[in-house]
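Quick look at what TrEMBL lists:
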type: DOMAIN; residues: A:13-533; note: domain 'Cytochrome oxidase subunit I profile'
type: TRANSMEM; residues: A:36-58; note: transmembrane segment
type: TRANSMEM; residues: A:78-102; note: transmembrane segment
type: TRANSMEM; residues: A:122-141; note: transmembrane segment
type: TRANSMEM; residues: A:358-384; note: transmembrane segment
type: TRANSMEM; residues: A:396-416; note: transmembrane segment
type: TRANSMEM; residues: A:470-495; note: transmembrane segment
type: TRANSMEM; residues: A:584-600; note: transmembrane segment
type: TRANSMEM; residues: A:606-624; note: transmembrane segment
type: TRANSMEM; residues: A:657-685; note: transmembrane segment
type: TRANSMEM; residues: A:697-715; note: transmembrane segment
type: TRANSMEM; residues: A:727-749; note: transmembrane segment
type: TRANSMEM; residues: A:813-832; note: transmembrane segment
Amino acid sequence: MSGRVATPLRLHRQLNEIWASGRGVKRLAAVNHSVIGTRFMITALIFFGIGGLLAMLIRAQLATSRSAFIGPDLYNQVFTMHGTIMMFLFAIPMFEGMAIYLLPKLLGTRDLAFPRLGAFGYWCYLFGGAILIAAMLAGAAPDSGWFMYTPLSSSAFTPGVNADVWLLGITFVEISAVTAAVELVVSILKIRAPGMSLNRMPIFGWYVLVTAGMMVLGFPPLILGSILLELERAFDLPFFDTARGGDALLWQHLFWLFGHPEVYIIFLPAAGAVSTILPVFAQRELTGYRAVVVALVALAFLSFGLWVHHMFAVGIPHMALAFFSAASAAVTIPTAVQIFAWIATLAHGRPRFDIPMLWIFGFLFVFILGGLTGVMLAMVPFNWQAHDTQFVTAHLHYVLVGGFIFPLVAALYYWLPHIRGRVPAFRLSMPAFWLVFIGFNVTFFMMHLTGLRGMPRRVGTYPVEAGWDWLNLISSIGGFILTMGFALIVVDVFLQVRYGRRFRRNPWKARTLEWAQPIPPPAYNFASLPWITRRADTLEPASIGPELAAGHGYLGFARNGWMETLGVDITSGRMEHVIVLPRQTYLPFWTALAVAAFVLSFLFSYYWFSLLPLGIAFILLLCWTRVTGLDRDNGPVVIGREEIAPLHYETHRPPSWWGMIIALIADAAFYGSLVFSPLFLWLTAPAWPPSQTLKSGMVVPALLVATLAAAPLCARRAVALNAKSRSPVLWLAATAILQFASLILLVILMRTGLPAPTVHAYNATSFALLAYSVLHTFLAAVFSLFGLWRVWAGYVSARRSLDLRIATPLHDYTAITGFAGIGLVLLLPTLITAGEAFR
Amino acid sequence: MTSDHRASASLLVWICSGFLAWGAAFAALYSAQALGCGFDWDEITIFGSIDAHRLLLIGLFLLALFASAVLARLCARLPHRIRADDTARFLGNVAKLSAWAALAATLVSLGPVLFTTACY
């Protein structure tokens, strides 16, 4: 810490030296949230452009009947890639980028909780997306639809690598989604400006918190489904093969368990942008802040109870149909609460008009129409009539383009001045809006009509006699108008970024913290951190900004070259500790590259070789820990404003502990879906019961239960001894040994008791359950060894015990899932026998 | 975990509690419906025209309604029970409204056990 108060310029230089990312090749080491967020957004927009070009190919093909523009094989790849790119490579990463870029600025802090994880997530996204695009250019793109339904995507009907590209590439990309979700949840809960309690948080923070929470629970079922299908394709494990006890419907359940919340995961952040922007132009704070928060909670949960409405036509009893139909209708209520809150805000305010508002009005028109057709599709009788027709295509575009693209462009025009420090000099945005609005409605309104006239989705040609020609032609013309509109936006944004008029601060007279920053924002965001005494969307950035720049807030100095920010209590926002973030590093880049090598090895069927890059990735991940922690007790440090606080290494629940908890919740969602699989197959799949089941005796399972139960007890004993300043080494070693013993016993059980997993889905799912426990016992053992190393290296003391405590939830989780897995594998044969007798 | 940590985390759990109960009830009823159909519980007659499957489903539905109502009642008292700062009051109110919304969602989305065919 410098001995005297620095001038704003000196302080800027000192902080910039610590926080700024390097140039040239050093840019690969960037971990700063502004850099990572911007990268996410730019990359997502490039993918959006590619997806848009594919949409033009689709519209060109469908413009006339019996078109020979592109053949059926290519058409299958084109429409599959269009959906895949827009959903996985554009919408979700765009949200991630927006949240990663904006959140610390809105929350009055310097960065997110896990900067290296954010960087790693970006590289995973880029490499995964690149694999998909490269496959498309090579003519080997996925071609089974963006939802990859089995058995079409199974090796019997898609023998090439097309489906593998999707399964591996998208799973790779999903790593970035889950890492971003964990990072966002923990950051919102733990890293805000002091005093920013949850009820003072800008509403965008609530939207991102809820969305990221949904991602934590929603993405694991898809990741599981993709892994199971890839295991079936690569190693013939019959999870979805009806002849061997699998079921194609299992894929649909796992996919839509993710797929329906996905719609809201896409919509909610965009609605969050609307809830942030609209009050600025209404010149009034958001009406019904509390009601909107309740609506978000309701919407998040209800969205997980709708997934079967994508499966109404597969043959489900009336009662189950009614459950999901009613839930699908009910979810419109929290959505409507938000819409009424926006209308009330406008009605009570003094609205002024500018380009972002134009796009918000476009959003309201298009999204509400999409919502209404959504209610129609939630009704089972109508759904059966419109199922798999162009009506559904029209509906989903009205919801997703209306609910995401329109607010996104509003957000782009609203925050672009913040990102680049320039406001528009030209007004191309106005004609661009009308081109997009008219083009969109001409394109997709017609699809309602073609759908009602019976035109199916995903068909590349149709006969003249069908009478769909003129509607399709109008739709295609609309598509090209829409594209011109987007092209004009690109030109407009380029002109604004390059030739826009410079300004100082806050062109919109907004009242949130990001406008209290210097523009464009420096790498450290705020020279000192604000303290918040009222709701953080009713602040005065013009007076706060200079105060913070002069270093009058918290942490208004540079210390030890540390990247410091503050951690707070989850709900009250009371200041708790100083968080020292890791500096710039190439490790996320190299780790993602190693994972990419693993994915490519697997894709080209070099299964044994693929273990090498996987091992390298694992070692690189372990290297991440080398720069964290302290080798001596530090005690509280000065944080400014005459206050002191401990470093996060020396506190009870720092962000990394919460990171472990949130990661385990995601893991539990994965495991819950895995447990669901054999139970679902047992009840619904044909070719059950299996001819052979597990034969293990009681010795190995009993030993396994003992070792699994003893490991967390030993881990807790180690933590307790460490807290009394006694050596935890023996107990840590015992924990590691017990976890390795569990691993060996699990392998013995799999090799000696379990019939070949390729024979029947029961064997395959049992194999997957035990393999899951093998992986977790291995990870738990590594965490114990890591604890030992940290003790040996001097990073652990009674006060600095995080390295030991962080593993405790993992040991507990490993034991619980181990018991559940072994119990299910052992009990299922008994249940099957009892069930057959009962039948 | 300190008492402050517990208080903080518990308020967030309370906010989710109503809909967590709804989710659990939804999963339980959907599973019971599938199990009953899988093992022909609808062919076991209990009271006149009411079969074992229907009885189980209605029982679970009533249990879910009861649990949701109890939670809503507990959450309704939260704003008065917890320490009287703005944040706690705000979160208590959010929990209360969420719990009532979850009770309504339970009634609407699971009510069909009363009048729809279970297995056809």
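Every residue number used here counts from 1 along the chain in the order it is shown.
Cβ atoms are placed via backbone N, Cα and C, with glycine included.
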Exercise for review: For the transmembrane segment (A:584-600), could you work out the same-chain residues 6 or more beyond its ends whose Cβ comes under 8 Å from its Cβ atoms?
Suggested key: 21-22, 26, 28-32, 116-117, 119-120, 122-124, 126-128, 131, 168-169, 172, 175, 610, 613-614, 616-617, 620-621, 623-624, 627
Revision key, fill the gap. Mean pLDDT across the domain 'Cytochrome oxidase subunit I profile' (A:13-533) comes out at 94
Study note, to complete from the structure: Counting only residues at least 6 beyond its ends, the same-chain positions whose CB falls under 8 A of a CB in the transmembrane segment (A:36-58) are 30, 69-70, 75, 78-79, 81-82, 85-86, 89-91, 93-94, 96-102, 115, 118-119, 121-122, 125-126, 129, 133, 419, 479-480, 483, 486
**Study point:** Contacting positions for the transmembrane segment (A:122-141) when only residues 6+ beyond its ends and CB under 8 Å are counted
**Key:** 36, 39-40, 43, 47, 50, 77, 80-81, 84-85, 89, 93, 96, 160-162, 165-166, 168-173, 175-176, 179, 588-589, 591-593, 595-596, 599-600, 603
Practice item. Find the member of A:606-624, A:657-685, A:813-832 that has more C-beta pairs under 8 Å to the transmembrane segment (A:727-749) than any other listed stretch. Key: A:813-832
Review point. Under an 8 Å Cβ to Cβ limit, what residues of the same chain, 6 or more beyond the ends of the transmembrane segment (A:657-685), are close to it?
Key: 113-114, 178, 181-183, 185-186, 189-190, 216-221, 223-225, 228, 239, 242, 245-247, 249-250, 253-254, 257, 761-762, 765-766, 768-769, 772, 802, 805-806, 809-810, 813, 817, 820-821, 824, 828, 831-832, 835
